[in-house]
Every structure is written in structure tokens, then in C-alpha cells.
Amino acid sequence: MVRGIIRVVSLASVSLTSSGFFLYGTGHWDPSDFGVVRIGRAVLTTAAITWDYLTELRHVKAGTEEYESIKSQVHFRSAHRLLDLCCANRGTFIKVGQHLGALEYLVPPEYTKTLSVLHSQAPCTPFPDVVQVIREDLGKEISEVFVEFEEKPLGAASLAQVHRAVLQDGRKVAVKVQHPKVQAQSARDILLMEVLLHAVKKIFPQFEFMWLIEEAKKNLPLELDFENEGRNAEKMSAIVSSFSFLRIPRIYWELSTKRVLVMEYMEGGQVNDREYMKRNQIDINQVARALGQLYSEMIFVHGFVHCDPHPGNVLVRQNPETLVPEIILLDHGLYQVLTESFRLDYCSLWQALIAADMQQIRIYSQRLGAGELYPLFACMLTARSWESVNQGIYQNTVSREEALEIRSNAATYLPEISQLLASVPRQMLLLLKTNDLLRGIETSLGTHASSSSFLNMSRCCVRALARHRKEKTDSLWSYIHISLAETFSLGQLQIYEIVLRLQASCVGCWIRRMMQWVFLYIH
């Protein structure tokens, strides 16, 4: 076994180093940042992680407390090695690390907790390099475009950083500037990770994370094209124009390129900042409802989904005139377009999950590629235990014990989870990531798995399925029947929501006390 590891790692090192010399030899490269050093970091980190898992768990009986304890320690060490690698190699490595860190209910918590810092601690590009990118892309000096330009970025991410600035006419803008080396590095980094993951799979056949690389291959070119991001922002703004609470920054196309995006500057607090909301008298429950309504509309009705809703990309503020909370949605580089068949099956699956219809859960989970692992798939989608799925996920909130059980199961069922992620449609992968990010926000706000979120989802599913049926029918009577059924279902949901609000309100408490008094008086 040891010889096999050495042989695989050596083969990976030789092939990567030679491919690195070939690739980097075709352009400008700095050996201290790319080349042998960059490849060497990744190879050595992968070898160290692989060796740790093999040697530490070799002589311990699986399933015992000792095994679980040692495995957790190995997870922790490996996660920190990955974090160090991502921070050293930057760019694409940070992007992939962020993706893993967002899968809170799908990978062991040692990884998600460690890698989640990448959302807020990405390295910055030095200001002279930022100026150079603007000069190259806009063909002007920075002083010709802006009267003010803050050197310190508002925030830095894996692919770019954002600066606050003021245009010559006085308009405040946010300027997103791509890290200068990311474009050249991205394809090479993906090749590097792909070869390393293939090497690891030779040693651990149950290791099924090639889907992560396939997603990066597909999405990175889109995320690196800021003109595509601008088009996504405008499309989303048009799709959900009926939502008065949503704000999407306007794009200034005359100053935007594939590497520079100039947009309207909007201020607000991060959506998970409860203290900010309290200071500004923003209703937390109203924010949670609005966010759930927005994403239900994206996923179930339109099939056009913003897939990076981490707290830095979702801001909140109070409208000074209406005193209604507003959501500001930023960073429109990563979207998932759902096919109609996938979207409708996903609608039907969520309706089954909310209704605790086990037969329909099995049918639609299998249609979405889960096979006989459909119970695990249902748990992954809802972040609930199979027992809660059977009882009805809307009937009770997540207990502390259930939350701990779910997190521990992410480690226990990692081979099965990775098998599922490799078998479901590619569209599902970004939805799972999006679900986990939204759940993280709900948990921060203390509104996790609220009934209102399920009501929003149910409404959107009813509307989406009814619209599809109406489009497919040629019969006027059938069209009327579908419309009446839709109206009836939406009416039921409206009544249920009123009952829930009454139960939670002072009026509800008063009615309950009156009913108790009447009951005691009669008896």
C-alpha cells in the first residue's frame, strides 16, 4: 500500500511538474508564485493529507469511539492543511475552498468550520496592480475616471476585490477589479487539482469529489467574465421587479469590461448581523421571510438562481421613507439555470417533503438521480433527520440534538454523500450549496426552518406547477379547472399563514386564554 501511495504521488508530481513547465512556459510566469513552487505546494499537501488518513486510521477498529475521535483529529489537521494551501496558492484554490466550506451539512464539520474563513479572509491585490488593471482595461488613468478612489478595498474575494469610488459627476460607485493573475492561473489550477484528485481516488476508491472540479471547470470562466456578471444582474432585476424590497446595483456599462465592473454603490449591513438590525430597528423575521420568498421565486418559478448568497453578498437596510427592510443582492457572477424538467421535478419533490408523502419523495428523488439513497438525499436537501422527514419537516423546529446528529452524519455517511453528489444532475450541486448558505443565514438570524419559509416554497411550487399544466393543456375546461385548483391551494396556504400569525400574536394569546376560560366555565 505504501509503495502504491509513493508511486501515485510520484507520478502525479512528475506529470504535474512537466505539464506546469509546458503551460507556464507558454506565457509570463514567476517561479515563486506559479510553476514548481505552486505545484509543489499542492502535491505535498495532498500527499500529507493522504498519508495522515492511511496511517492514523489503519490499526483502529471502525465504528468505535477511538476511531471517531482519531478521524475527527485527522479531519481537523487535513482541513487546516487545505486552508494553508488555499491561502498560499490563492485564486481558484480559494474559490474551491469556499465551495467546500459552504457545504455545511454535506461534508464533515471540521472542514466547513475551518474553510468558512475563506469567505472573509481572501488576500488583497496591491493597489498599484489594481491601478494597472484599470489602466489596461479602460485605457485611462484612474484620475481621469474617478475624482476619489479608496485604496483600501471594501472587501476581497477569491477572484476580485471591490473599492469605493466617486465618478467625475459625483456619483458614488463600487468598482470590482479582478486579481490580475487569476485569469492566467485558473485553467492551470483546475488541471492541477484534477490530476491530484485522480491520484487520491486511486488510493481511496470511495472518494467521489471529481464533481467539484467539473463544476469549477464550467463556472470559473463565467465568473471571470464581469460582463456576464453585469448581464446576470440586469436579468435578475427584471425577473423579480415586482419585489419592492429587493435592490440590485445598477451597472455602468460605459466603464465596465471583462475584468472591471463599475456599479452603483449601496450601503447596508450583512444579512447575518443581528446587532446591525437591532440598531437600525430592522425586523429580523421580515428579512428572513423576504429572503426565503426571493429564493423560492428564483428556484421554483423562474429557474434562474443566484448561487452565492453568503452574508457578504446579501446586505440589508431600512428604507427611510417606508421603514420597510430592503435586501441588496450583490455579486451576480455565479448563477444556475435550471432546465424545465429539473425545475418541475424539484418543485414536486419539495411539495412531497413538506407534505411528508414518502412515496412521492421516493419517486421524485429517484427522478433526480438519488436512486436507492433517496432517504439520505431527502435529509441532505432539508438538513433534517429521516425521522423528522417522516413526521413532517414543517411540524417541528430543529432541536439541538437533531442538529448535532445531522452534523455527525455528514462524517459518517461521507462515502454515500460523495456518491450521491457524483450521481445527481449537475444543476443540483449549486442548489445544494445555495441551500446550505441560506440555512447558515437562517441559523444566524434564529429563524431556521420557520413555517413561513415552507409557506413561501409551497406557494411558488403551486404556481410553477399550475403554470406548466396550463401551458400544456388545449382544453378551456381543463385550463379553468387548473386555475381553480391553483386558487384553492393558494387560498388554503393564505388561511394557514393567517392562523400561524394569530397563534404567534397577542391576539392569538388572548383568543387562547378566552377559549380556556370558556372551557373551564362550561365544565
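Placement of Cβ uses the backbone N, Cα and C atoms for every residue, glycine included.
Under the heading active site, proton acceptor, Swiss-Prot lists Asp308. Around Asp308 (active site, proton acceptor), taking its Cβ as the centre, 24 other Cβ atoms fall within 10 Å, counting all chains. DSSP assigns Asp308 (active site, proton acceptor) to coil in the three-state reduction, placing it in neither a helix nor a strand.
Annotation for Ala156 (ATP binding site): spatial neighbours Ala122, Pro123, Cys124, Thr125, Val162, criterion Cβ-Cβ under 8 Å with sequence separation of six or more. The annotation ATP binding site is assigned in Swiss-Prot to Leu154, Gly155, Ala156, Ala157, Ser158, Leu159, Ala160, Gln161, Val162, Lys176.
Mean pLDDT across the domain 'Protein kinase' (148-484) comes to 89 in this model. According to Swiss-Prot, the feature domain 'Protein kinase' maps to 148-484, an assignment based on sequence analysis.
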Neighbouring C-beta atoms (10 Å sphere around the C-beta of Ala160 (ATP binding site)): 27
Binding-site residues compared (Leu154, Val162) - highest count of Cβ atoms within 10 Å: Val162
Pairwise CA distance, Ala160 (ATP binding site) versus Asp308 (active site, proton acceptor), rounded so that it is a whole Å: 14
Ala160 (ATP binding site) in three-state DSSP notation: strand
Shell of the ATP site beyond Leu154, Gly155, Ala156, Ala157, Ser158, Leu159, Ala160, Gln161, Val162, Lys176, same chain only (C-beta within 8 angstroms of their C-beta centre): Ala122, Pro153, Val177
Rounded Cα separation (Å) that holds between Ser158 (ATP binding site) and Asp308 (active site, proton acceptor): 13
Distance [Cα-Cα, Å, rounded] between Leu154 (ATP binding site) and Asp308 (active site, proton acceptor): 18
